Amino acid sequence: MAKTYLALLRLLFAAVVLLAGARAARGFYLPGVAPADFRKKDLLYVKVNQLSSIKTQLPYSYYSLPFCRPEIIVDSAENLGEVLRGDRIENSLYVFEMMEPRMCQIVCKFVLTEGDAKDLKEKIDDEYRINMILDNLPLVEPIKRLDQEGPTVYQHGVHVGVKGQYSGSKDEHHFIHNHFTFLVKYHKDANTDVARIVGFEVKPYSVKHEYDGEWKGTGTHLKTCDPHSRRLVADSDSPQEVEANKEIIFTYDVNFEESDIKWASRWDTYLLMTDDQIHWFSIINSLMIVLFLSGMVAMIMLRTLYRDISKYNQLENQEDAQEETGWKLVHGDVFRPPINADLLCVYVGTGVQFFGMLLVTLLFAILGLLSPSNRGGLMTAMLLLWVFMGLFAGYSSSRLYKMFRGSEWKNVTIKTALVFPGVVFAIFFVLNALIWGEKSSGAVPFTTMFALVLLWFGISVPLVFVGSYLGFKKPAMEDPVRTNKIPRPIPEQPWYMNPVVSVLIGGILPFGAVFIELFFILTSIWLHQFYYIFGFLFLVFVILILTCAEITIVLCYFQLCGEDYQWWWRSYLTSGSSALYLFLYATFYFFNKLDITKAVSGVLYFGYMLIASYAFFVLTGTIGFYACFWFTRLIYSSVKID
């Protein structure tokens, strides 16, 4: 075992080294941890991120469009999560001086080619947004509510341009946002002259700039924007149309505003939750389901089971026992290993791995260790936790397999390490190939793909084997009752206890307990909004656990009372079938809430939701299985068996 652990440490070190150099030998970093102090006239460097669209879900590099670019483009260090979600953070020509307002600053002049004009029009049609970053704060556009009473809504990024019509014309044209009015909010220390940035906002305009004489670069005198004559950009009455062989002048204003918001609270504005009543309604709705199921379980455990056990234990002879019906009659078959027992062990082990990853991730998020300021931190944490939870996956699958009196534990271990991640990786690889075909920056680079494979085979697989070895070497759990050599025939069941019907019925309630919160999760993912209500999410997760456990116990009891002892797979599928409803709801969400038009984007959506549904099936199925496993061992260990 010492050699095994030494080998694991070496593999872990190799993976860390590879990850550190995965993005062209750039190190990963943890942004937003320490505040940055600025004094007057300190330089503020604005960085640009991906171009994003909720209509295509395909991110592109900022410089894939004809925007002003520096002589040397420098990519910022990115963590694994940022790379996987398509972030491409680069330097820009937007440079401010702290607390020094500037008006009508020229960035550059660009003459559009036919290809440039076509690309811009396509991006405007697809409603692409420009994303920028200043001091780790994302650029937002404030949008006033129509009622004027509610708080200001902030949209992430700013549109590349808009479509519109000239006055008196019905023809639609494309106009680019070529003038930005930035607002940098800062909080100043009362005792010193240093300040910290607490807000980064923008108002976009489309302006057809004009200038006198020859072009002199940033020193050109603009007719349409001149701070000396107090002619500033305040509207888009004379917009800049996107046309080939026409020049576009990019300009900006920057203002600074002192704010009472402290640095530690600067993300509160971005994470403002105005729909908390809906979340509480979701919690109350889910709790009603839990209370209903808890009442049924309590009735079964305290009344029905207590009466059954007392009656069975008071039987005086075997003839009386033969006259009895119900769950006791299948005691000789209830712990008989199921068909495809090794596959069940594999999925139970994988479910334990996923459960551990999700539980620890939520705990970290609740403690504030995965804040939005750490872009990509959530995804990075989930990946690493998944890898290290392989130890528990191997242990769980081997313990169950040994209870089934299996001997080929290595085969089960290999399947545990490969089946679920293999299916997910295959789907992910196909989707990534489609993204490559669209030349999107969201395509995962080869180096990152190789790093993921190394994490899988270099760390996760060995940990699964270590856990499996430890689990298989422990003594097997003894069955509460002895299994008969000849299986007992199963009587015909009523229609509502048909395996398919009962499984589908069982999956409705776990899904019903989470579907409202699921709406917000899908909205944050596919509509590019912040999701930071992990307290609500943790409560929903606890409710999901209780719902899966209780509905499985109830249906398992009814199944055993019908003298059907084949509960192993049924218990897994009962709560696991909620994944089917999740995918159906995702389909409903696609057609009713999203405006995706491209076929590739639709394939990406359903591909990723298929992965999510598969993971949800493994998670909920494992919860239901262990609940039923505990229930059957409890009740059959409580009766006297001759």
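These residue numbers are counts, starting from 1, taken along the chain as shown.
Any Cβ shown, glycine's included, is placed from N, Cα and C.
All annotation found in TrEMBL is predicted automatically rather than curated by experts.
For reference, TrEMBL has these:
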SIGNAL    1-24  signal peptide
TRANSMEM  280-302  transmembrane segment
TRANSMEM  344-370  transmembrane segment
TRANSMEM  376-395  transmembrane segment
TRANSMEM  416-437  transmembrane segment
TRANSMEM  449-472  transmembrane segment
TRANSMEM  500-527  transmembrane segment
TRANSMEM  533-560  transmembrane segment
TRANSMEM  572-591  transmembrane segment
TRANSMEM  603-631  transmembrane segment
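In this chain, the transmembrane segment (416-437) does not touch the transmembrane segment (533-560); fewer than three CB pairs sit within less than 8 A of each other, excluding pairs fewer than 6 residues apart. The stretch in 416-437, 449-472, 500-527, 572-591, 603-631 that contributes the largest number of Cβ pairs under 8 Å to the transmembrane segment (280-302) is 500-527. Among residues of the same chain six or more beyond the transmembrane segment (344-370), those with a C-beta under 8 A of the stretch's C-beta atoms are 338, 377-378, 381-382, 385-386, 389-390, 392-398, 400-401, 404, 406, 412, 415-416, 419-420, 464, 534-535, 537-538, 541, 568-569, 572, 615, 618-619, 621-623, 625-626. Here the listed stretches are 449-472, 572-591, 603-631, and the one with the most C-beta pairs under 8 angstroms to the transmembrane segment (416-437) is 603-631. Remote same-chain residues near the transmembrane segment (572-591) are listed as 344, 347-348, 499, 502-504, 506-511, 515, 518-519, 522, 526, 547-549, 551-552, 555-556, 602, 605-606, 609-610, 612-614, 616-618, 620-625, 628 (criterion: CB distance under 8 Å, separation of at least six residues from the stretch ends). Within the chain carrying the transmembrane segment (603-631), a Cβ under 8 angstroms from the stretch's Cβ atoms is held by residues 57-58, 344, 347-348, 350-352, 354-355, 358, 420, 423-424, 427-428, 430-431, 434-435, 506, 510, 526, 544-545, 548-553, 556-557, 567-568, 571-580, 582-583, 586-587, 590, 594, 596, all 6 or more beyond its ends.
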